[in-house]
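Undergrad: Handing you a structure now.
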Amino acid sequence: MCFCIVSSPEAMHSNADSPSSGPGLQPVWTTLRSPYVFWIGGAILLALLVHLGIKWQQASAPVRIEYSTFLEHVESGYVERVEIVNGKRINGTYTAAAVQNDRVETRPPPAAPMGAVVDRSRRAFATHKPTAHELTAFLRRHNEAATGTGTAPVTFAATQESDWVGTLLLWGLPLGLIVGIWLFFMRRMATGGREEQIGSDTAALFEEAGGRRVTFDDVAGLAEPKEEVAEVVEFLRRPQKFTRLGGALPTGVLLVGPPGTGKTLLAKAVAGEAGVPFASISGSDFMEMFVGVGASRVRDLFDQAKERAPCIIFIDEVDAIGRTRGGPGGAGTGERDNTLNQLLVEMDGFDSDEGVVIMAATNRPDVLDAALLRPGRFDRQISIHKPDRLERADIFRVHVADLRLDASVDPEALARQTPGFAGAEIANVCNEAALLAARRGRNAVQMDDFDQALDRVMAGLERSNKLISPEERRVIAHHESGHAIVGWFLEHTDPVVKVSVVPRGLSALGHAQHLPKERDLYSREALMDRMTMALGGRGAEEIVFGRATTGAKDDLERVTETAYAMVVDYGMSDRIGPLSYNRAERRADGPLFEKPYSDAMAAAIDEEVADIVREARARANDLLREKRPLLDEMAERLLREEVLGVEALVALLGSPPHGEYAWLKEGDGTSRNSASAEGASPSSQG
């Protein structure tokens, strides 16, 4: 048996750092330097010592006998000496003759020459005295009788022992074990199991400047945000340029934008361009169930940052700790408030010339505490929006740079097909296209792979094996044809680029895809056209089959939401007037219960919304009755071909009456796809 005894963490540290340690031994010494290895080794050594102690005690312990057997041995003259300990335990010694003649039970003898004197330890025995028996009187009577017969009497004595060791083991050991376990879990929970990230050692938290750097070249698009943060880079590179004139750069930069737009990547690029350490942490990492843990982590983080200055601290999802204190319904917890207070103190407690820049990201700036946004803290806010067409093309070029592409792949065409896509979504499309090409055994990623990847990302995975009855297929085909025809002939709708009755995703039974126009303002006529197009599927069902199905559930939800927004938010109702009740934009620190309008106004709003939806439904049904032959022909073609692209739609419906599809004339090969799908579910075909 071989044992490895570890003396102390300091000894291991000195050995690991010795020059004799070769490169191959470094992982071993790194493991041995862990405190867990030290404690495990100590526990193994302690268990070994306890095991050896038990074995030794068993080897030297006297043989135990029954009390009745003890009394019989006394009467037979086999007992030489008796010691009564604390009135209960009896330790005795047999006579040598009784042991030699095997009159009594003893432990096995050790190896010894013949005729040797019997070992006294072999003659020892022990038993336990019942409380009711008077052993002393019994031994006196035995000795008196033995004197008359000439037999040797039994020597006996009563003693008292204080078993403080047993008491200590009985009470102290369990108590110490419980306290140790409690302290261990308290420490683990206080650090969240991340002692190596926050606290005395933040090596894993900080990415040093010597590693692989992310630069502005890796961040496609975001031209305006990069210009804003370029000043931070210049400050970290040459701080004296600003300090010599007495100016101070803002120490806090808040990046605001939707998810996936590149906020974290931009912060890393700032650190990479400046060549300084970068600390990235999520706002939720500060939060624990124990009060004071979050504040302690904030202090440790800023202490480490000051030691590594110049550096950048990036807090992702800062709204996790920066929410408004004392919000409606007690929105802030005590721990979060303490953490936020400590963050405010730290941000207000160091000078800008220390070289520590704090960057944070959130997609909920409306819920942040006002003290966090005041001058001197996060006083510079940079908005990061979803990329436009030119920026999307640049992002596609970055993500396809490592792919083996076919000559048919055009980033400009892909950018035109993906309005509203963020950088993370574009990266997902490129990755899906590469996986599809590999699955098909191709040597390069083709444009068709990107087309299929777009369908998969927007509408879900194709479910070609889903069983649909012929009657339901006819309903789905007319439903999607109704969407396409209404959208094709209205002025303010998005161009229809694809119609499909192939089931996709978890619930889509069919879908009509549109290419959204990149615009920010919508008139009342534009919103009415969009609602009319959404009701085209239900209208086709009513006209052809005389009834509506549950397939229009999602369409009705979108229409209802748009109609309420027109009346309540945008003031587009002549009956209600140009009023906005901000129903979708309540402030986080506003009152929890607020009645924005009277019951009479609520009833008027409901009636106006119903009138708007009925108007859109009537427009859709009138247009579909006018185009009934085209509706039936398109549905039949969908039942045969399952998918109709733009070229097939133009051949079937003719040129759009409100202008050609300019992007189709450019010959970019996008007639097979689009960017936005009106998906379907079991209760909504699209």
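Glycine residues also receive a Cβ, built from the backbone N, Cα and C atoms like all the rest.
Just lifted these from Swiss-Prot, have a look:
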- Glu480: active site (ACT_SITE)
- Gly257, Pro258, Pro259, Gly260, Thr261, Gly262, Lys263, Thr264: ATP binding site (BINDING)
- His479, His483, Asp555: Zn(2+) binding site (BINDING)
- 670-686: compositional bias 'Polar residues' (COMPBIAS)
- 661-686: region 'Disordered' (REGION)
- 55-164: topological domain 'Periplasmic' (TOPO_DOM)
Undergrad: For the binding-site residues listed here (Lys263, His479, His483), which one has the lowest count of neighbouring CB atoms within 10 Å of its own CB?
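TA: With the binding-site residues Lys263, His479, His483, fewest surrounding Cβ atoms within 10 Å: Lys263.
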Undergrad: Average the pLDDT scores across the topological domain 'Periplasmic' (55-164) and report the rounded value.
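TA: Over the topological domain 'Periplasmic' (55-164), the predicted model scores a mean pLDDT of 76.
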Undergrad: If the ATP site is taken as the center of the Cβ atoms of Gly257, Pro258, Pro259, Gly260, Thr261, Gly262, Lys263, Thr264, which further residues of that chain fall within 8 Å of it by their Cβ?
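TA: For the ATP site the neighbour list reads Leu255, Ala361, Asn363, Ile384, Ala422, Gly423, Ala424.
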Undergrad: Other Cβ atoms within 10 Å is the metric here; tell me which of the binding-site residues Gly257, Pro258, Pro259 scores highest.
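TA: Answer by Cβ density within 10 Å: Gly257.
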Undergrad: Between the Cα atoms of Pro259 (ATP binding site) and Glu480 (active site), what distance do you get, rounded to the nearest Å?
TA: 31
Undergrad: Return the member of His479, Glu480, His483, Asp555 nearest to Gly257 (ATP binding site) in space, with distance defined Cα to Cα and candidates limited to these recorded positions.
TA: Asp555
Undergrad: Tell me which of the recorded positions Thr261, Lys263, Thr264, Glu480 ends up closest to Asp555 (Zn(2+) binding site) in space, Cα to Cα.
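TA: Out of the listed candidates, the nearest Cα belongs to Glu480.
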Undergrad: Given Gly262 (ATP binding site) and His479 (Zn(2+) binding site), what distance in Å do their CA atoms have, once rounded to a whole number?
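TA: That comes out at 38 Å between the alpha carbons.
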Undergrad: Using the structure shown, find which entry in Glu480, Asp555 (the recorded positions) has the sparsest Cβ neighbourhood within 10 Å.
TA: Asp555
Undergrad: Around Thr261 (ATP binding site), how many other C-beta atoms are within 10 angstroms of its C-beta?
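TA: I count 25 other Cβ atoms within 10 Å of it.
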Undergrad: What whole-number Å value do you get for the CA-CA distance of Gly260 (ATP binding site) and His483 (Zn(2+) binding site)?
TA: 30
Undergrad: Write down the Cα-Cα distance for His479 (Zn(2+) binding site) and Thr261 (ATP binding site), rounded and given in Å.
TA: 35
Undergrad: These are the binding-site residues: Gly260, Gly262. Which one scores highest on other Cβ atoms within 10 Å?
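TA: When each Cβ's neighbours within 10 Å are tallied, Gly262 tops the list.
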Undergrad: Compute the C-alpha separation of His479 (Zn(2+) binding site) from Thr264 (ATP binding site), stating it in Å without decimals.
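TA: Between the alpha carbons of His479 (Zn(2+) binding site) and Thr264 (ATP binding site) there are 43 Å.
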Undergrad: Taking the Cβ of Thr264 (ATP binding site) as reference, which residues of that chain separated by at least 6 in sequence fall under 8 Å from it?
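TA: Those within reach of Thr264 (ATP binding site), by Cβ under 8 Å and sequence separation of 6 or more, are Ser280, Phe314, Asp316, Ala361.
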Undergrad: Which secondary structure state does DSSP assign to Gly257 (ATP binding site), in the simple three-class scheme?
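TA: For Gly257 (ATP binding site) - judged by DSSP and reduced to three states - the answer is coil.
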